[in-house]
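> Before anything else, here's the structure in question.
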């Protein structure tokens, strides 16, 4: 029997033998595809089962997010343990099985029994959301690949180093606890350190290589002890790589200095009061809130924060330098933006009342503002740039505008009209003067998701609204919308330097809070 025929023979055997387990897994995926649309923001649709209480779809979705991976674990365990790699007394060892045909059969089983049904369910959800299916296929394939690396490949490796389902469960529980401890230690040591560019993609590649190498080693050699040691070392190795990465070099490479971009500290006395809210302060730290005014070469550009680096030099010569810290503020040309930096208390105590030289390096993503799209809101889907759609959903008298896209929601700004009383029963505006309102659609992107549809409701702020909120606005059918999309125009860095700066007016304490402002369209 050739290796290919042998692979197909093992695959057919697994599909027949594990038909009950496969049926359960398929049922859970189908149930998830049925219930997922009911959990989208503002959605009241045909798929919400009659009499459903508020929040029930979300609760069911949480359970399914746990049950579906468990069903995958059971499927993979049963398949791999049918030809267990632990020990040397299994019946299949005496058969003319080659390691590569056996491994190929198990990988094909995962593809046929798990990946293809999930892929089909995600295509259905994308279509049901009114999104273009063919344009969404690359994002969906990347999503399935990420799910394979983060869930299915680890399950395969864990099953290959255990003899049955019982030891596998113990290993999974111990592994979760072990990963939690390693993650907590890494988080404690890194603090608020920003993630260097290329790190996430690099870690996915490294994790894939380590897991795939361990799986192949186990199928070739069946040396379970060594394979288990490799698994134990993998999280520690990934954490060590994160800490030894040359963050400065990576940020400099990904965010080079560009002409036409500059910024300075805004020394307007009215803006020297420390802002409140924003970056969460922790015990043992102060937050330095510095108003930064950016000068942009073009009025059709925004700067979205990614990371920053701070150097403080006091008048007496004391110097403190931070690591690269994450920040996500948006800088507009011609106005000040509060940028928050966490600084240890011992540094502030050492500087005291001395003036300092502040050197701030900002790593930013340039967002080019594209031509706006104008349309009128209705319950029909309206296509927006980036492959998404927007529509009114819910009760016509108080409908909610929701924009949907596949795996990635673009950064955009919205302007429309709202009123403070419900719309008429047919969804049109009552005899009242509408007010202009704005909203920001924030960039959302994940490595993987069971539900590929990213749904964003608009959080609108109208003229005269209290900054504390919350605000209930009615948006009626036919309301005009101006949606201004943006696209990533590459990375850039800005150097900000200020001498003779007194820190006290800009320091913020933990007890102070402030509302988060909405960035206006420029």
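Glycine is treated like the rest: Cβ placed from N, Cα and C.
Remember, TrEMBL labels are computer predictions, not curated facts.
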> In TrEMBL, one of 201-220, 261-280 is tagged transmembrane segment. Which stretch would that be?
201-220
> Report, as numbers and ranges, which residues of the same chain sit near the transmembrane segment (229-251): CB under 8 Å and 6 or more residues beyond its ends.
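Non-local partners: 157-158, 161, 175, 178-179, 182, 185-186, 189-190, 193-194, 196-199, 203, 206-207, 210-211, 213-214, 217, 307, 309, 323-324, 363, 493.
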> Tally Cβ pairs under 8 Å between the transmembrane segment (55-76) and each listed stretch (21-43, 140-161, 168-189, 201-220), then give the stretch with the top tally.
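Selected stretch: 21-43, with the most Cβ pairs under 8 Å.
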> Grab the same-chain neighbours of the transmembrane segment (168-189) for me: Cβ-Cβ under 8 Å, and only residues 6 or more beyond its ends, written as numbers and ranges.
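Same-chain contacts beyond the ends: 73, 77, 81, 158-159, 161-162, 231-232, 235-236, 239, 242-243.
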> Cβ under 8 Å to the transmembrane segment (97-120), counting only same-chain residues 6 or more beyond its ends: which ones?
3-4, 6-11, 14-15, 18, 22, 25-26, 29, 72, 75-76, 79-80, 83, 140-141, 144, 147-148, 152, 156, 215-216, 219-220, 450
